[in-house]
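Trainee: For reference, TrEMBL lists these features for the protein:
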type	residues	note
REGION	34-79	region 'Disordered'
COMPBIAS	49-66	compositional bias 'Polar residues'
DOMAIN	139-533	domain 'Amino acid transporter transmembrane'
TRANSMEM	167-184	transmembrane segment
TRANSMEM	222-241	transmembrane segment
TRANSMEM	253-269	transmembrane segment
TRANSMEM	276-298	transmembrane segment
TRANSMEM	321-343	transmembrane segment
TRANSMEM	355-378	transmembrane segment
TRANSMEM	398-418	transmembrane segment
TRANSMEM	454-474	transmembrane segment
TRANSMEM	480-502	transmembrane segment
TRANSMEM	514-534	transmembrane segment
Amino acid sequence: MVGINSLDAFSRSVRRAATFKNVRVVFHKITPGSDEETARDDGDAQRPTAAQNAQNTQSRMANEQTPLLDHGKPAPAEAQDCSIHLSQKMHRHSYLRIEALCKQRDETRSQQKEEDREPLLAKRVERHDGTFVDVIGGQSSLSQTIFNSSNVLIGVGMLSLPLGIRYAGWVIGLILLLTSAFVTKYTASLLAKCLDVDSSLANFADIAFVAFGEKGRVGTSVIFTLELVAACVSLVILFADSLDSLIEGPNDVHWKILCGCILAPLNFFPMRWLSFTSFLGIFCGIALIVITFVAGFLKSSSPGSLLDVATTYALPEHWKALPLSFGLIMAVWGGHSVFPNLYRDMKHPNQYGKGLSIIFSFVTSVDLVMAVLGYLMYGSNTLDEISTNVMKTDGYPQAVRVLVLVTIAIIPLTKFPLNCSPIISTLEVVFRIDPRAATIKPNRFNQSPFLTKLLKAIFRIVTTVVIVLIAIVVPSFEVISAIMGAGFCFLICVICPAVFHLKLFHGEIDRWQMILDWILIIVSTVLAIVGTAWEFLPKEWMGL
């Protein structure tokens with residue numbers, strides 16, 4: 001299949017979503033008033049026909065669409081339908097930061113290897129002040145964007161949702177889950193609005209840089225790195241817990257070491273190969289729900305049965321444990337770090353709002369099914385991973401346990417290398433062995449091909465080793481999921497988008513929306529602090 005929604009097109013869309021902020025855009029530079037257009041890069045893209053009338057050059061530049069950058073074929077006409085909004089009321093400091101951002105990209109663009117990037121389309125547009133900027137034109141269809149977003153949101157966090165409902169009870173738990181869905185959908189739309197401040201902005205870090213300067217970008221990078229480390233740790237713990245539940249003998253530490261040995265080689269694979277495994281991630285998430293549902297009808301008595309459901313509570317069974325549910329329920333919405341990338345990669349950005357409605361409706365439905373199934377089947381016996389409940393409960397056919405184990409084992413294989421990739425890239429930049437950093441600040445490591453390759457290999461191995469060690473020190477999947485939800489998801493998914501919105505649009509938004517943003521910031525900050533702090537309190541004090 002070669003259509004826009006073919007398997008290959010979906011795979012390329014996944015790669016762009018995964019590596020968007022590191023991608024190099026090859027474009028043609030057009031000099032106003034000239035009779036020729038010269039290629040800025042030495043790629044194989046074809047030159048467009050030169051403008052015959054210099055008086056029409058500038059007006060044509062605002063709508064110029066370059067060829068497909070890797071094949072030299074004309075860009076699809078649909079891509080020209082995208083309207084680009086350029087802010088007319090930008091704060092002077094924000095405008096200067098945008099200029100600096102464009103300059104940094106221009107200086108480092110030629111340093112990235114061809115095989116490490118997914119070719120993009122580029123447009124040259126005119127700002128309100130008469131200057132021109134080359135911006136990225138999207139290629140993903142609405143269905144591809146929905147798939148990529150769902151693949152990000154449907155992760156291992158949903159395995160802890162039944163435990164979150166157990167701690168909060170049906171009423172408060174479902175209210176928290178639905179409210180978090182509405183709030184994160186709203187803040188996802190705020191990120192798109194912030195990107196529309198200027199068409200050169202491409203990702204979450206760009207918004208932070210324009211809003212708060214270099215400190216904002218550095219702070220965002222630190223938060224994302226910590227979140228990715230926590231996500232990788234959760235995958236190792238999930239893998240080890242699943243094997244430990246089914247196979248007697250080795251303890252969980254041994255299984256975590258084995259997991260590290262299996263996952264470490266995947267960090268050496270090119271991103272374009274790993275993108276194909278992303279399809280398995282969302283499939284395994286849905287498959288796990290189906291397996292759990294079927295298992296509920298294969299057992300006639302509680303616990304673990306849908307024919308004889310467990311005892312559940314409308315309100316928290318232990319009120320002191322209620323704050324533990326904040327992070328567990330919020331953890332399923334940790335996808336806002338890539339929503340700006342997905343928005344920029346849309347062929348028709350005006351469909352982003354429609355896409356968000358479909359995405360959050362689908363993901364919320366999936367999460368609700370998992371939360372309700374798990375809590376109904378196990379009640380007060382619900383563990384931190386619903387998959388562990390299935391494998392530890394007697395009365396199921398052995399095939400059910402094997403299917404759950406296989407499904408759980410596949411998830412780390414699909415997610416771990418993708419989550420590690422930005423961490424490794426950050427290390428390469430910090431130690432100046434990244435090609436872009438090597439050009440700016442050469443040293444004996446980045447000027448030696450052997451030392452560069454050696455350090456890259458060491459970073460990939462050390463990253464896996466550190467993650468496995470953290471997984472051994474923090475053995476509970478519940479703790480790491482709650483910290484991800486309370487410590488990072490509230491910050492990245494609610495607080496940051498609202499703060500960016502207030503900063504960039506201060507004086508332009510109406511009073512009620514400003515009040516709403518401040519309420520979200522204050523409430524989310526309180527829930528994040530309380531939810532994180534509660535994870536370090538003794539469970540005996542809570543009655544658990």
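A Cβ is built for glycine as well, from the same backbone N, Cα and C atoms used for every other residue.
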Trainee: Taking the transmembrane segment (167-184) as reference, which of 253-269, 321-343, 454-474, 480-502, 514-534 has the most Cβ pairs under 8 angstroms?
Mentor: 321-343
Trainee: When you check the transmembrane segment (398-418) against the transmembrane segment (222-241), do you get at least 3 Cβ pairs under 8 Å, counting only pairs 6 or more apart in sequence?
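Mentor: By the criterion, they touch.
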Trainee: Same-chain Cβ contacts of the transmembrane segment (321-343) under 8 Å, 6 or more residues past its ends?
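Mentor: Residues packing against the transmembrane segment (321-343) from afar: 16-17, 20-21, 140, 145, 148-149, 152-153, 155, 157-158, 160-161, 163-165, 167-168, 172-173, 176-177, 180-181, 184, 187-188, 191-192, 195, 201-204, 206-207, 224, 227, 231, 349, 352, 363, 367, 478, 481-490, 492-493, 496-497, 527-528, 530-535, 539, 542-544.
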Trainee: Counting only residues 6+ away from its ends, which parts of the chain sit with a Cβ under 8 Å from the transmembrane segment (253-269)?
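Mentor: For the transmembrane segment (253-269), the list is 236-237, 239-241, 243-244, 412-413, 416-417, 420-421, 424, 457, 460-461, 463-465, 467-468, 471-472.
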